[in-house]
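Enquirer: Please read through the structure below; I'll follow up with questions.
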Amino acid sequence: MVPLKAGTRPPWVGLGAAVWVQIASGNAYNFPLYSHSLKSVLGFNQHQITMLGVANDIGENVGLLPGIVCNKFPPWIILSIGAFACFFGYGVLWLALSLTIVSLPYWVLWIALCIATNSSAWLSTAVLVTNMRNFPISRGTVAGILKGYGGLSAAVYTEIYSALLHGSSSKFLLFLALGIPILCFIVMYFIRACTPASEEDSSDSCHFLFIQIASIVLGVYLITTTVLNDVLPLSASISHAFVAVMILLLMAPLAIPIKMTFYRKIPKNGSSDELFQEDNSVKTEPLLTSSVSNTNLGNLQENGYASEVDILLAEGEGAVKKKRRPKRGEDFKFSEALVKADFWLLFFVYFVGVGSGVAVLNNLAQIGIAQGEHDTTILLSLFSFCNFVGRLGGGALSEHFVRTRTIPRTIWMTVTQAIMIIAYLLFASAIDGTLYAATALLGVCYGVQFSIMVPTASELFGLKNFGIVYNFMSLGNPLGAFLFSGLLAGYIYDKEAAKQHGLNLIADSISCLGPNCFGLTFLVLAGVCGIGSILSIILTIRIKPVYKMLYAGGSFRLPQASSVH
């Protein structure tokens, strides 16, 4: 039994608080900000750095455990676990980089980074699952907003890294170890399960539009101030003012529940006082009800004592009807989803999109240096901003076309992966002036993969076990990091660096310059995205009937046998 907060305001308060947690959950995107210091201070070679990048992505995306427990415990417990993981993991990295503890073994740092970034899985699962259930009718928009803010997190952290911490990697790791847990403990009370609306409210679209505009303003502000910090010699007071304005912009989503408090919408059959009382009530209900109701089977399973053998015997004797398997669009058990072709098609398409993109993100600093760009903070901010645009735009665009023309969301994965081929070819060419264009293109396309996968998984397999389905899909990210970044990019980079320095063996802390450092890697990634585009077309054709069923009439319609409560 989970207490559900009733009323119209609590979901919006939770969404406003979730924005902050989603920013915090993007801590794994900060690896390029301190990877160069790990390499220089601790004497690692590029292969070791890329394998740390793999640890970074494994920790961020291996979220099966939070996916399972999110159905059993309230969000504040999930957030607490993420906060403690962040504290211990980044704390160990800080001890090593600050040389407080000298000569920590490489494997200890690898595990510490895994634990630190695994906080992302706990934090993101808590806010994403909770808010998708609080806004089941607008799940595409909500996923786009939350994933969009997550995409902005790298730019937010870069602002803090440059303006407040003056580019100190050790101070930055200490900030991550302490700041994120403190934030989680402050906002966790507001992120809670609420009674979802059964139909769309006319004001919801305006509220979502306000948050989307606020996030765009924040994104433009972040990229502008990052460039100004890099180009102009700004005083400390101006840099601090930049951070203060950033914090105010991050608070913008909370303007909606504040507005709802002062300008209460009076229901048709009640007064504003009744609404106020409803907002402060708490109902205790099951987190999710069964998709199929069967009285006899329910009696048989009362108190959880029935075994599967009992149920099968009862079915054979005709005492109960055999429960049919769910259809796409209804609530699936995780084991039922695993045997579906659509599940694996979505997984492989997502794996190609994010796996190839994260290989570039993990090596972005080295890619920039190899092409003659030694200050890579602007590159990272550009990628972060475009990643945000892709996430927010992917959610909004797919929501528009799925409601107006019932076009499956996955068509946008097809389009963006085709564009990613062009971006990788631009990277491989290393032509002057193309580095920033390729980074921007890749950032947008990379972001779209997130905002499409999340609502698509919930629409195909339901919200009941969405936490574990979503986190299993997220394994595509660390798998791609291991294959494309750890094994492919790191090996080719170190081999080319050894050639340039005339070494027979791969040496520590040597840099590679020129297009050959990553050229072959980019060509392989382009080929992989070609395969991903074909698989995405197949998936889109297969699931088109599902979207015609769910969005017939222009608005989301829950299947009759499905429930989100």
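Positions of Cβ are set from backbone N, Cα and C atoms, glycine also.
In TrEMBL, annotation is done automatically, which means it is predicted and not curated.
So TrEMBL says this about it:
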DOMAIN    11-258  domain 'Nodulin-like'
DOMAIN    338-546  domain 'NFD4 C-terminal'
TRANSMEM  76-101  transmembrane segment
TRANSMEM  107-129  transmembrane segment
TRANSMEM  141-160  transmembrane segment
TRANSMEM  172-194  transmembrane segment
TRANSMEM  206-228  transmembrane segment
TRANSMEM  234-256  transmembrane segment
TRANSMEM  343-365  transmembrane segment
TRANSMEM  377-398  transmembrane segment
TRANSMEM  410-429  transmembrane segment
TRANSMEM  435-456  transmembrane segment
TRANSMEM  468-493  transmembrane segment
TRANSMEM  513-541  transmembrane segment
Enquirer: At least three Cβ pairs under 8 Å linking the transmembrane segment (468-493) and the transmembrane segment (141-160), pairs spaced 6 or more in sequence?
Expert: no
Enquirer: On the 0 to 100 pLDDT scale, where does the domain 'NFD4 C-terminal' (338-546) sit on average?
Expert: 88
Enquirer: So are the transmembrane segment (234-256) and the transmembrane segment (76-101) touching or not, going by 3+ C-beta pairs under 8 A with a sequence gap of 6 or more?
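Expert: No, the transmembrane segment (234-256) does not contact the transmembrane segment (76-101).
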Enquirer: Are there residues at least six beyond either end of the transmembrane segment (76-101) with Cβ under 8 Å to its Cβ atoms? List them, or say none.
Expert: 21, 25, 27, 34, 37-38, 41-42, 59, 66, 69-70, 108-109, 112-123, 125-126, 169-170, 173-174, 176-178, 180-181, 184-185, 188-189, 191-192
